[in-house]
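A quick write-up on the structure given underneath.
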Amino acid sequence: MSDARLFTSESVTEGHPDKICDAISDSVLDALLADDPKSRVAVETLVTTGQVHVVGEVTTTAKAAFADITNTVRERILEIGYDHSDKGFDGLTCGVNIGIGKQSPDIAQGVDTAHETRVEGAADPLDSQGAGDQGLMFGYAIADTPELMPLPIALAHRLSRKLTEVRKNGTLDYLRPDGKTQVTVQYDGTTPVRLDTVVLSTQHADGIDLESQLAPEIKQHVIDAVLTELGHDTLDTSAPRILVNPTGKFVLGGPMGDAGLTGRKIIVDTYGGWARHGGGAFSGKDPSKVDRSAAYAMRWVAKNVVAAGLAQRVEVQVAYAIGKAAPVGLFVETFGSETVDPVKIQKAIGEVFDLRPGAIVRDLDLLRPIYAPTAAYGHFGRTDIELPWEQLDKVDDLKAAV
């Protein structure tokens, strides 16, 4: 083991069993929100050999979308690429079991009529929506990349997206949907200086030779292609160690290889371990769940702080009590990278951003079917889709506030 400071992050493709589950849960959410934007949704999915189980709690007026959940499930599996038993899973023929009930009225009471309205007599309409649960959520941004994400997770996601791209466009038509990437970067302080290791494991058709075909073609069409496009100022990518399918074979994959569950890739979904995580998963949850909406808001806050030049990197924590609208806590950490007093940064955040759940939903326009595309390749720093929490619309307000 080298004495170098090495940090590692991983990503997975949309065909990974856990990501199939995230995709199904978010596809169900989007279908319900499209017909009834006020739908309350908490949907969990399990996949295993030949079976999909979708469970949870839903309150909605979207009767047609609710009745069509089975078809929504099948369509998403087929879109991912599991369309034949040769791939270990087939969206057309797999069993789909639905076990969904209504949202608890006790929870609904706290969301629909917050403590501020119910007990304290608040008149502001935004005080009427309480947090759907207690919890703590983190947001992070760093000037490592143009998208203000830590480099290791940003690079791992690019590799995963490229792996899926060359499978779907037929460049490497022997690839199958399941896959993982991992990137290890050497740091000098907090500056990424050298790409040390790339690990890429991909499901493939039987009979594909690793040394003569798979490894060199993955290097050419995925790894080299991504590194050529990267163009990072401080990172030396000239001689990384590359490990392709280091077990030697990856034919059996997807739900036949491993069971999958919604919400089991929360580090992949966020900052690759570079920043802290409050523990709550995202997929399958409507925005009344602060696990999701407040984590998005914290990314929005952090990204605007860095883009405003107030710090080179920032981590923001918010916390809620179930049934309360106002956060119970806000914490800002700039790691000594700030250009102004951190106390002023925290005060500016409080002035510029309204972190009550109803305000987050309003300001980010979250009652829309925008969630299925986030189920793979990360919820933050996306360069391939537009997401409201990635917008830099508060930079001038923050500058003025400090």
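Cβ from N, Cα, C; glycine included.
Packing around K285 (ATP binding site) is summarised by its Cβ count: 27 other Cβ atoms lie within 10 angstroms of its Cβ, all protein chains included. Under the three-state DSSP scheme, K285 (ATP binding site) falls in the strand class. Marked as ATP binding site by Swiss-Prot on the basis of sequence analysis: H16, D178, G179, K180, K249, F250, D258, R264, K265, A281, K285.
Taken from Swiss-Prot, the feature Mg(2+) binding site covers D18, and the record attributes it to sequence analysis. Listed in sequence order, the residues of the same chain lying 6 or more apart from D18 (Mg(2+) binding site) and placing their CB within less than 8 Å of its CB are V12, G260, L261, T262, R264, K265.
Sequence-distant contacts of E44 (K(+) binding site), defined as residues of its own chain at least six apart whose C-beta falls under 8 angstroms from its C-beta, comprise C21, S25, V54, V55, G56, L261, T262, G263, G284. DSSP classifies E44 (K(+) binding site) as strand under the three-state reduction. If you look up Swiss-Prot, you'll see E44 marked as K(+) binding site, on the strength of sequence analysis.
The annotation L-methionine binding site is assigned in Swiss-Prot to E57, Q103, D258, K289. In sequence order, P17 make up the list of same-chain residues 6 or more apart from D258 (ATP binding site) whose Cβ falls under 8 Å from its Cβ.
The region 'Flexible loop' feature in Swiss-Prot is assigned to 103-113. Long-range contacts of the region 'Flexible loop' (103-113) within the same chain, counting only residues at least 6 positions beyond its ends with a Cβ under 8 Å from a Cβ of the stretch, are 40, 42, 57-59, 128-133, 288, 322-323, 357.
Cα spacing between K285 (ATP binding site) and Q103 (L-methionine binding site): 12 Å, rounded to the nearest whole number. Each of the binding-site residues H16, K265 was scored by other CB atoms within 10 A of its CB, and the lowest score goes to K265. Note on the region 'Flexible loop' (103-113): mean pLDDT across this stretch is 80. Under the DSSP three-state reduction, G179 (ATP binding site) is assigned to strand. Within the same chain, residues at least 6 positions away in sequence whose Cβ sits under 8 Å from that of K249 (ATP binding site) are L210. DSSP classifies Q103 (L-methionine binding site) as coil under the three-state reduction. DSSP assigns E57 (L-methionine binding site) to a strand.
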